[in-house]
Amino acid sequence: MNLILIAVISLGAIALVLAAILYVASKKFAVYEDPRIAQVGEVLPQANCGGCGYPGCSGFADACVKAGSLDGKFCPVGGQPVMAKIADILGLAAGEAEPMVAVVRCNGTCANRPRTNQYDGAKSCAIAASLYGGETGCSYGCLGCGDCVAACRFDAIHMNPETGIPEVDEAKCTACGACVKACPKAIIEIRPQGKKSRRVYVSCVNKDKGAVARKACTVSCIGCGKCVKTCPFEAITLENNLAYIDPAKCKSCRKCEEVCPQGTIVALNFPPRKPKTEEATAAAPKAAVAPKETAAAPKETAEAPKVTE
Amino acid sequence: MLKTFSIGGVHPHENKLSAHQPIITAEVPAKAVILLGQHIGAPAKPIVAKGDVVKVGTKIAEPAGFVSAAIHSSVSGKVAKIDTIVDASGYAKPAIFIDVEGDEWEETIDRSTTLVKECELSTEEIVKKIADAGIVGLGGACFPTQVKLCPPPSFKAECVIINAVECEPYLTADHQLMLEHAEEIMVGVSILMKAVKVNKAFIGIENNKPDAIELMTKVASGYAGIEVVPLKVKYPQGGEKQLIDAITKRQVASGALPISTGAVVQNVGTAFAVYEAVQKNKPLFERVITVTGKSVAKPSNFLARIGTPMKQLIDACGGLPEDTGKVIGGGPMMGKALVNIEVPTAKGSSGILIMNRKEAKRGEAQTCIRCAKCVSACPMGLEPYLLGALSENGDFETMEKERIMDCIECGSCQFTCPANRPLLDYCRLGKGKVGAMIRARQAKK
């Protein structure tokens, strides 16, 4: 009995002393943390995708609170509604950010780009790219092993089994950029979604000379420069036999798409053209249906100019 | 008990179909395409322009940096253009295109077959001549030879080891070279010994080539300090670190240079090229290539000019067989499949292997059954199953800790795996990524 009493008293005494030390330490070494960081963290989607450029959601919340301004900060997953909530919490003005989307700049489908050999190694684009230029004559285009699909945390990109090219589901894509990093060929680009999801881009990354590129793929950019000359807004640049449309300058007039002899320039989700070229009245009623089409599915769109030629 | 390396290794079917086929001098191609990047290091800088007339042996590109090699024309004729060509991997690489006219050699080259034994040159002169001749390691890695002959001053060479193992199945180029040019090789080895200032050399030959062992031993008795070492047949004995281990019983520490063991390893083909360069003034513009395969009508060994389209060599063996599944540049273990057969041969082309459809088919990859066969097979003492899984999941930091940079990409793991896992593919990916990580870290410092 005595023994138990001693044990209880001694342990109790130790506990009291330690509690006192802990109490003093917690007061003396307390670190003040802005409670707003936790509040901001709560409204964030907690996907920790890193699409904002910070190492996860808590890093972003911390940066938002400490920066004192929301300029240049944008959560691609939550988008504008989440940014508005953060602005409310912090009493700041939310930075306006254009919604972005991932764009697959390759249209080298099985039909457009004939196979010249067969890769039978591990099914990974990173490995295939380190060993070979690809299964076709184009060493720049999509390898089709689906590293981008594996990288996407939002189920927004899928391989189309018919074309062998990935397609982006615009409704799910948050433009976090994981697929861009995963693609060893740098085919995927984050571009502004555009009004009513309408956008014009060059669906090719082939830097080979025209003749080589054309032989490898029927819808490759041959670097002819017609689009550069046609563009009234100087939005198109031609470098290394490859045209690029600067989304900041592009006004979506679609003149380049018309002149492209290869059908490489894709104008997505636009209503069908009227028989005579009158783009002025482009905002047609069909627009509500059109945006449902996903990116990089534009086989019809891509080949349309050929028919008209 | 024959010597061999101490850990791992496998023994694939040897399939030396072209063994004892005399070396045939291949026809000079009508058009030669000479790649500028035929070696490890910076691609060479062209010093000729379109329209220039070149002879066989004319230097057409200068080394661009310390680790780089000169390139010489293998044909005589006119430079048609300097452009890119799709190489064996399918990527466009810069190359010099030459339209062949006649076969006129540079006057400085001694074309006689008389053996020149005496070499009065100093060490520096030998190394300079080797560098001028554009010699690279002909075992396949193509490391510039002059760099290997000038080890960092903190290391001291103790012996030269000549790699005449030819552990890759199917390949017989080195075997036949030894049978036909044993004396020249011995002189080449003596020159290499002089270049690194040692008086001991070992020639490692696997005992599936008894005639070569016998002949080389007989010839070596006439040269001071050269010893032929018969080795047990085991792949990858031709790996530099494995060969040092097999012959000297010294192991190269993880991350260390092979020279740290005091051994300078050179391929037997390189020794022959050194002989020709130093004694005959002949730069490296042709080499022995084995063209082989189970369905090939006539597996052969060719002495072919660099820049010959592989298709021409295949045609000389009876053409591409009907049931071709894959054409591999090099041996079946470390070689890489060609994306087309029009690609030109390079300094590192040791063989062209044509696999039939049945051989070429890869088994379907299944889940790892933890049998650890790959662990016992790995000659570097790594754990390939783990490295494969880490690479698949993108954990490259852990791969670095698991010593992925020690991997010699010999493919023993993949060869032995009963679940057909593409372990080598994943290890190569990891090695590439970790290598980039290390370089980025060093650049930051």
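Cβ from N, Cα, C; glycine included.
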Taking TrEMBL at its word that B:C368, B:C371, B:C374 bind [4Fe-4S] cluster 1, choose the one of B:C317, B:C417, B:C427 listed for that site. B:C417
Look up B:C413 ([4Fe-4S] cluster 2 binding site) in the DSSP assignment and report helix, strand or coil. helix
Which of B:C368, B:C374, B:C417 has the fewest nearby Cβ atoms, counting only those within 10 Å, among these binding-site residues? B:C368
Rounded to a whole number of Å, the separation of the Cα atoms of B:C368 ([4Fe-4S] cluster 1 binding site) and B:C413 ([4Fe-4S] cluster 2 binding site) comes to 12
Cβ atoms other than its own within 10 Å of the Cβ of B:C407 ([4Fe-4S] cluster 2 binding site), all chains, total 22
Enter the number of other CB atoms within 10 angstroms of the CB of B:C378 ([4Fe-4S] cluster 2 binding site). 26
If you run through the domain '4Fe-4S ferredoxin-type' (B:358-388) with DSSP, how many residues end up as helix, strand and coil? 13 helix, 0 strand, 18 coil
Residues satisfying Cβ distance under 8 Å from B:C410 ([4Fe-4S] cluster 2 binding site), sequence separation of at least 6: B:Y235, B:P236, B:G239, B:M333, B:M334, B:P379
Between 0 and 100, where does the mean pLDDT of the domain '4Fe-4S ferredoxin-type' (B:358-388) sit? 93
DSSP-derived class (H/G/I helix, E/B strand, else coil) of B:C407 ([4Fe-4S] cluster 2 binding site): coil
